[in-house]
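The structure under discussion appears below in the form of C-alpha cells.
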Amino acid sequence: MGTLIAVMRRDFTLAIRAGGGFGLPLVFFVSVIAVAPFAIGPDLVLLSRIGPALLWIAALLSTLIGLDRLFGQDAEDGSLDLLLTTPSPLALIVLAKAAAHWIATGLPLAVAAPLLGLMLNLPPETLGTVALTLLVGTPTLTLLGAVGAALTVGLKRGGLLLPVLVLPLTVPVLIFGVGATAGIAGGGGFGPSFTLLLAVMLGSLVLGPLAAAAALKASQA
Amino acid sequence: MIALANPARFSAIAEKILPWLAGATAVLFAIGLWQGFFVAPADYQQGETVRIMFIHVPSAWLSMFGWTMMSIASLGVLVWRHPLADVAAQAAAPLGAAFTLIALVTGSLWGRPMWGTWWVWDARLTSVLVLFLMYLGVMALRAALDEPSRAAKLVAILTLVGFVNIPIVKFSVDWWNTLHQGASVFRVDGPTIHPAILVPLLINALAFTLLFLTLHLLLMRTELMRRRLRGLRLRAAESGA
Amino acid sequence: MTPHTGYIIAAYAFAAVTVISLIVWSLLDHRAQRRALADLEARLGPEAAKPNRGKK
C-alpha cells in the first residue's frame, strides 16, 4: 500500500512540475471548445443542443493527448524497470499511476466543464450532469488509455498509434456518457445510461490495469 | 495440436492439404455463385438486391470468425505458448480486415437502394466499422514493433482486449439507437429467410470460409518461411558470411 | 434488369477485386519468400540449414 501511495504522489508531483504539465491538458480542453463554434457557427440553439457532445469529444481528445507520458517517461529514465521488480502487483501500480494521471488531467476537465458549458449555452440542469458524467467517464478513458500506453511504451514513435488503438475502445464510454446528458435534455433516461457508464468504469477498473500490466511485462521482457 | 507444434511438420502437412482445400473452395464458389444468381429467387420485398446478401453475409461472418480465430490464437500465445499461435494470429489479421472491408462496402451498396442511404449508424454496421478499425490497429501495432517475440505478446493482449470490446460496442450502439429512436425508420424487418435463399446462402458462407482457411494456411506457410529466412540471415550475419 | 442492377454488380465487383487481389498478393508473397529461402540456403550450403553450425 505504501508503494502505491508513493508511486501516486511521485507521478502527481511530476505531472505538476515537469514542463508546465499541470493545467496544460485543461488549456487544450478549453482551446478545443473555443475553436469548435468557429467550425459549427455561433448558433446558440445548436450549440446548446450539441454542447454535451462537444465537451465529451474535447475531454476524450485531451485525455488521449497526454497518455504517452503515462509510462513513456518512466521507460526512458529506467524507473519502469524498478517498478516491474517491486513486490507489489504490477496491476495495482498501473492503477496508482492512472489515478495520478487522472487527478492531473481528467479531474480538472470535469470541474471546468460546467463553466465551458455556460459558454455553450447549456441549460442549467445539463451543466451538473455533464460534469458528473465526465467525473465518471474521464477515469474510464484514462484506464482504457493506460492499456494503449502500455502497448506502445517501447515504441520510438508511438504517438499516433496510441490513439488509433484506444479510440475504438472508447465508443461505449462516449455513448453512455453523452447518452446520460442527452437523456436529461430529452426528458428521460439519465439513470440507465449513467448506470451503464458506471458499469463500463468498473469493468475497465479491473480489466484496464490487468491488461496494461500484462503489456508492460511483455514489452520490457 | 501437439503434433503440429513443429513448424517444419506443420508446413509439410499444410503443403499436402492446400491443393485440396483450394480445389474444394473453387468448386463451392462455382456452386454458390450459380445458385446465388440463377437458382435463388428474387426477394418479394427487396427484389434482386437480395443477391448482394450472398457475399455480404458470408463476409460479415468471416469478419467475426477472423477476430475469434485471432483471439484463440492469442490465448495460444499467452497461455499455452504454442509456437505456431502467433503465426496463425498474424496470418488471420489481413484476411479478417479484407473481409470486413468487403462486408462494409457491400452492406453500403445494399443499403443505398434498400434504405435510401449509404450508411446507417445502426449497431451492426457501427460495430463492424469499429471491428475494421481494430483490425487496422492490430496490424499497425505489429508493424511498429520490430522484435518478434515482444510483438507476439503485445498483439495478443490487444486482440483479447478487442474481443471483449466488440460485444460491448454492439450493445452500447443498440442502446444509443433506442435513445435516438432513429433505427426503427431504417430497420429492415426482413421475414425469416426462405429455404430457397437460405441454401445458396449457406453454400456461399461455406465457400467463403474455405477460402479464408485456404488463404490462412498459405499465409501461415509464407510467414514461417519469412521467419526462417530472418533467422538464417541473422545467423549468416553473425558468422560473417 | 432491375433498377438496382448497378448496385448488385458494384457489390460483386468490389468483392471480386478484393478477394482476387488478396489471393494474388498471398501467392506472390509466398513465391518471393520461397525463392529467397532457396537462394539463401543454396548460398550458405547445406550445413546452414542445421541449427548452430554456421561457418566461422
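Quick reminder: no glycine exception, Cβ is built from N, Cα and C everywhere.
Unlike curated records, TrEMBL annotations are generated automatically.
Mean pLDDT, taken over the domain 'Cytochrome c assembly protein' (B:3-180), works out to 86 on the 0 to 100 scale. Positions annotated as domain 'Cytochrome c assembly protein' by TrEMBL: B:3-180.
According to TrEMBL, the feature transmembrane segment maps to B:20-40 (among others). Using a Cβ-Cβ cut-off under 8 Å and counting only residues 6 or more beyond its ends in the same chain, the transmembrane segment (B:20-40) has close neighbours at 50-51, 54, 196-197, 199-200, 203-204, 206-207, 210-211, 213-214, 217.
The transmembrane segment annotation in TrEMBL covers B:60-80 (among others).
Per TrEMBL, transmembrane segment is recorded for B:92-111 (among others). Cβ atoms under 8 Å from those of the transmembrane segment (B:92-111) belong to residues 49, 52-53, 55-56, 59-60, 62-63, 65-67, 69-70, 73, 117-120, 125, 128-129, 131-132, 135-136, 138-139, 142, 208, 212, 215-216, 219 of the same chain, restricted to positions at least 6 beyond its ends.
Sequence annotations record features per position, and here TrEMBL assigns transmembrane segment to B:123-142 (among others).
Proximity of distant same-chain residues to the transmembrane segment (B:154-173), defined by a Cβ-Cβ separation under 8 Å and at least 6 residues beyond the stretch ends, is recorded for 64, 67-68, 70-71, 73-75, 77-78, 85-86, 89-90, 121-124, 126-127, 130-131, 134, 137-138, 141-142, 145. Among the features that TrEMBL reports, transmembrane segment is placed at B:154-173 (among others).
Sequence annotations record features per position, and here TrEMBL assigns transmembrane segment to B:193-220 (among others).
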